[in-house]
Amino acid sequence: MSDENHNSDVQDIPSPELSVDSNSNENELMNNSSADDGIEFDAPEEEREAEREEENEEQHELEDVNDEEEEDKEEKGEENGEVINTEEEEEEEHQQKGGNDDDDDDNEEEEEEEEDDDDDDDDDDDDEEEEEEEEEEGNDNSSVGSDSAAEDGEDEEDKKDKTKDKEVELRRETLEKEQKDVDEAIKKITREENDNTHFPTNMENVNYDLLQKQVKYIMDSNMLNLPQFQHLPQEEKMSAILAMLNSNSDTALSVPPHDSTISTTASASATSGARSNDQRKPPLSDAQRRMRFPRADLSKPITEEEHDRYAAYLHGENKITEMHNIPPKSRLFIGNLPLKNVSKEDLFRIFSPYGHIMQINIKNAFGFIQFDNPQSVRDAIECESQEMNFGKKLILEVSSSNARPQFDHGDHGTNSSSTFISSAKRPFQTESGDMYNDDNGAGYKKSRRHTVSCNIFVKRTADRTYAIEVFNRFRDGTGLETDMIFLKPRMELGKLINDAAYNGVWGVVLVNKTHNVDVQTFYKGSQGETKFDEYISISADDAVAIFNNIKNNRNNSRPTDYRAMSHQQNIYGAPPLPVPNGPAVGPPPQTNYYQGYSMPPPQQQQQQPYGNYGMPPPSHDQGYGSQPPIPMNQSYGRYQTSIPPPPPQQQIPQGYGRYQAGPPPQPPSQTPMDQQQLLSAIQNLPPNVVSNLLSMAQQQQQQPHAQQQLVGLIQSMQGQAPQQQQQQLGGYSSMNSSSPPPMSTNYNGQNISAKPSAPPMSHQPPPPQQQQQQQQQQQQQQQQPAGNNVQSLLDSLAKLQK
């Protein structure tokens, strides 16, 4: 049994033919045995039982052998799938046949038992012979099975060798492919490293101390954690880090001589926004190292980080006042700016890397930037003087002005922070030498070669948005060259208006805080004198219509019959103006110069208050540019002037309106002033002065010189001479149109003599006869009783106190 088991471990499953033969032999033996048993009926029962036991043992041994063979086949089938499939089919067939043999054996055993029960007389000799035959047959079968198993083992070994060879070849192919992929990846990596980095691979020249300082400086600055830095592109991050390291002398990069070419190319690739076309980057200057941020590229849109800094600047600009302690030489002058398309945002992007900007002013073709220290101004001049901005090189200088800048409140658009806006196109090179000074008397650039048609003055209390709207309406509605000036405390409105009329400006517009405008238009009289018309508290559209009418009349280039114009229907649907008595040709001095503008007749204006100017309504025979019958405290903003009125009896051409003083007065009429005139004279006096006048009038009502004392007190409060006041109380004084227009202005408590509004003309002094008449007038007026005037004054004061 041991030999059979050993052979069964090595050999394969026997072929189906052999198994069938063995089963057939067993069946034959069983048949023979059954036949012999049938013959020998006399055999004892013990022998039969022994035979049965031996047969059962043989069957069990065969089953064990078959089981071992099946296990061997399963193990071999795992190594070779194809062989396993064929062997499994053979095993199934063998098991089916074996099952059939077992069934046959069982049937035979049952038959034998029946035969044994029937035939008890079988012989022992027959049993021994059968056993010998069975042993011989079993030996034959075992020898045949061992031979077939050896053959199957050799076939399986050959198959194993073939499969191993195939596996080795597959492994070799996969290893070769992997090696090729690795080589290609290494080549790509080395190629990318060579393209991107050209730094020297010699690590012996690395300054580890400097590297540690740089790393520590970057980590201590907390720059990497800032959200503004994290949103930057990779190139801008590198440039920002380099700029920060170079700003400190301890962490600045030092380039060895033999590595300068490589390092400069690397830094040039990191700072792609640099404008240098040279391959070699020059060493950084101290000003460049002090830059807080990389230089902006105006060809690209504003970044988020720049937008945040500009928003912070606008927020802080509103809080800056003139009381700040601004160091000297911290104001940068910028010249050669384009006339258009320059904004505060552009200048902020260019100059903010050099220091903290407090304020930006943009004028016409130049501007100013206020830093908080003079070093920032010097750095900006050093770095930006050679750079191209707006397609040209800017003129950068330290501003020579020592005055504090005028700070604007709010950003109202391009150039809104300046004091001057113009629609005229004036080249940068043809301006006067003082055009850069933003602190001159007028606060705007004065050109000696060019005069505009209209000047717009904006009060400090006026709305800038409305002022810009008025400017746009004049520019688009009239087509005239217009300048708009934002008034400042140092500006004298009267001087500005006087200069405008003297320079030939057609008219001026004053923008009020009540969203309306006041207009004064200038024109030449028949003898070359300058006259003016005044319109108070009108809309911007009406002001545009006035200037359009002036434009049309000037384009016609012919004398205008203003009396005839008053008969025509007004273009705005107003009724025709009344025609006063007098000649119908030429510009009479007593007529209103409305030029088709829809103004109510003078009779209607007498019943209306005269606005903020403190002037009495004109009479029916008095032109709009004529003087009032008595001197008034006329307020045009802060501008005040006092001018004697013309005589009503004599038609003399008007001079410079209320800006022109008259010649020696003519003999006045003896008509006393009425109550309305006295009320107009004292309506602007302070309350304490009114009380003093009332008490003095009550005490000195019976004295003959009461009027003179009261008039003297009024003169002292109005800043006029007593002699001039007495002449005005007595009547109208004449004006000489040929005399130059002297003017007495009172602005901020200072008496300033304005320049003449028209070119001076030759004139003769008044004859002695007129001087004698003047002296007689003064004496008669001093001797005149003051009862009626004092009583009227008392009534007027009583009304004012009510």
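Glycine residues also receive a Cβ, built from the backbone N, Cα and C atoms like all the rest.
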Problem set entry | Annotated residue, phosphothreonine, per Swiss-Prot; candidates THR86, THR174, THR478, THR530 | THR86
For this session: Look up region 'Disordered' in Swiss-Prot and report which of 252-293, 378-419 it refers to.
Result: 252-293
Problem set entry | Annotation match for phosphothreonine in Swiss-Prot, from THR303, THR451, THR591 | THR451
Problem set entry | Surrounding CB atoms that lie within 10 Å of the CB of THR451 (phosphothreonine), all protein chains | 15
For this session: Determine how many residues of the compositional bias 'Basic and acidic residues' (159-174) DSSP places in helix, in strand and in coil.
Result: 16 helix, 0 strand, 0 coil
